[in-house]
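S.K.: Just passing along the structure, written as structure tokens.
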Amino acid sequence: MLIVNAISIKMRIADSRSFSIDYKNNCFQKDGKPFQYISGSIHYSRIPREYWKDRLLKMYMTGLNAIQVYVPWNFHETVQGVFNFAGDRDLEYFLNLANQTGLLVILRPGPYICAEWEMGGLPAWLLQKPNIILRSADTEYLKPASEWLAELLTKMRPWLYQNGGNIISVQVENEYGSYFACDYNYMRHLHTLFRLFLGEDVILFTTDGNTDKEMICGTLEGLYATIDFGTDTNITAAFIRQRRFEPKGPLVNSEFYTGWLDHWGEKHASVDTVKVSKMLGEMLSMGASVNMYMFEGGTNFGYWNGADHDSRFRSVVTSYDYNAPLSEAGDPTDKLLAIRDVIKNFRDIPVGPMPPATPKFAYGFVTLQKVSLLDTLSPQGPVRSQYPLTFEEIKQYYGFMLYRTTLPRNVPEPTPLISPLNGIHDRAYVSVNGVYQGLMERDTALVMNVTGQQGDQLDILVENMGRINFGSYINDKKGLLGNLILGNDVLTDWSIYPLDIDTAVANGWLQAAHSGSAMEAGDGPMIYSGTLKSTGLAWDTFVKLNGWTKGQVWVNEVNLGRYWPQRGPQQTLYVPGPFLSATQPNNITVLELERAPSHRRILFMDRPQLNNTGQKT
């Protein structure tokens with residue numbers, strides 16, 4: 001009887017809940033009353049699960065009444081047909097925490113999200129189909145995309161506001177007007193699919209940039225058209241453009257940019273706090289609903305960073321701090337306090353103190369030792385091929401692959417090794433008989449000289465620096481995409497090793513291989529290992545690799561991401577406290593790709609350094 005009563009009460013509550021567009025009064029309506037949302041973007045995929053509640057509470061205490069959330073398809077379906085919503089991927093747990101905190105949700109499930117995320121959230125396994133047209137009505141794309149949305153949206157339907165949850169609106173696709181395809185049949189198919197799984201009552205919307213072309217190709221009848229723009233834009237002109245596509249209904253800026261992303265070799269992005277707060281106040285005064293992108297950016301842990309390609313390939317850095325109101329480590333900033341002062345003029349701010357910054361600790365130096373050669377990290381052995389194969393052809397989607405062949409003849413004088421079709425995606429580290437010769441890089445360094453004898457072993461370690469996440473080049477395959485030519489000889493007879501470094505780290509193989517000897521540091525790809533002793537604390541920290549060149553860092557089993565201090569601007573990697581043990585030694589693993597310093601030390605600091613630009617690209 002109690003169960004029946006509980007179900008009945010829940011049904012009555014759901015019956016009384018509604019979220020809709022009031023076209024007569026140009027606003028949203030929540031439960032029959034005018035409603036303006038003040039929202040911030042947060043990405044659960046970029047924040048440790050243990051910190052979700054902390055970040056959401058800080059957003060609520062700033063005065064936000066909603067959050068905006070992307071769902072990265074490739075984060076949940078890394079293997080086709082295998083869906084993972086556990087642990088750090090537990091989206092429903094995240095939605096529940098937001099609900100308990102008092103935050104509504106604007107859901108952006110894609111299937112493409114951009115977000116400076118690897119391949120814009122699309123799974124790399126789609127590229128096994130060589131002629132696939134992504135984000136279009138091409139059946140090779142539409143079938144797996146539809147299967148993913150069926151899985152995801154079925155889970156999301158109970159979380160819709162009118163069903164008793166906290167999702168007030170759902171975006172269909174993302175900034176589609178920025179893509180070349182302009183395929184209305186694709187958008188119609190998605191519209192039908194979203195209605196099928198979510199019902200007729202939920203608000204479905206689109207978001208596009210502030211140009212006519214973007215709005216024309218990205219909007220569709222039946223989907224509410226919103227716009228996005230930052231502090232460099234005239235508010236009135238932008239909303240006039242939205243009005244041309246939505247003559248009635250609420251004004252909405254779905255991405256008001258509080259900061260911006262960073263690429264390696266460029267200055268750390270910064271957007272002026274005064275401009276952000278002034279413009280936010282102006283939009284709210286107009287009655288517009290606003291989402292701030294980002295409110296907290298977080299971190300591109302592991303290999304999840306994306307890349308851009310305009311005149312050349314530009315990889316996004318590991319930090320997604322974004323110069324946002326909450327820092328990469330979730331700490332309130334002056335920008336957050338200024339935004340809260342603006343919001344106070346439009347709605348009541350929750351009573352109580354802002355949760356403090358998480359505690360930080362400077363653990364000091366750790367000395368590392370050389371422990372392993374890379375070719376031991378492919379336990380299944382090589383794939384043999386006359387010509388190079390891509391990452392996607394071998395189903396090694398992220399990280400690194402080692403391409404090995406032999407020199408076809410004597411090359412006593414420096415002889416050019418050439419990638420004639422710009423087929424290095426994205427960086428290649430070249431060794432002959434284990435001696436590092438130099439590197440080749442996409443778009444910028446397609447020729448280098450080598451020497452050696454016929455039969456010498458030629459090793460080319462190729463790094464995937466993150467797939468393009470925006471624009472027309474998102475079908476971004478990795479590895480050696482074409483032949484390499486040594487002088488006049490096309491290199492053939494390759495042994496290709498998919499390197500599973502993450503599994504080796506997780507299983508402790510590299511720690512077990514620790515020689516304990518003080519081996520000299522050298523040039524070229526090499527793995528180093530050490531131990532951060534337990535201190536009784538597991539607080540946030542930041543690791544700095546002063547003198548190291550470029551590579552990847554793991555703490556215990558967690559891949560922190562890429563470092564590249566010589567190129568900058570990012571100089572430290574964020575290490576959340578939950579990644580550390582307070583009572584057990586913490587294993588540190590570093591893959592250095594070019595040159596390690598003779599001191600072989602890394603430093604754990606109590607503050608980040610994100611704004612020192614090194615060598616220009």
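Just so it is clear, glycine is given a Cβ too, placed from its N, Cα and C backbone atoms.
Reproduced below are the annotations present in TrEMBL:
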| type | residues | note |
| --- | --- | --- |
| ACT_SITE | E175 | active site, proton donor |
| ACT_SITE | E255 | active site, nucleophile |
| DOMAIN | 28-345 | domain 'Glycoside hydrolase 35 catalytic' |
| DOMAIN | 388-500 | domain 'Beta-galactosidase 1-like first all-beta' |
| DOMAIN | 525-583 | domain 'Beta-galactosidase galactose-binding' |
S.K.: Could you tell me the C-alpha distance between E175 (active site, proton donor) and E255 (active site, nucleophile) in angstrom, no decimals?
M.R.: 11
S.K.: Using DSSP, how many residues of the domain 'Beta-galactosidase 1-like first all-beta' (388-500) fall into helix, strand and coil, respectively?
M.R.: 4 helix, 58 strand, 51 coil
S.K.: Cβ-Cβ under 8 Å from the residue listed as 'active site, nucleophile', same chain, 6 or more residues apart: which ones?
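M.R.: Within the chain, the residue listed as 'active site, nucleophile' has Cβ neighbours under 8 Å at S41, T207, D228, F229, N291, Y293.
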S.K.: In the domain 'Beta-galactosidase galactose-binding' (525-583), how many residues does DSSP call helix, how many strand, and how many coil?
M.R.: 3 helix, 27 strand, 29 coil
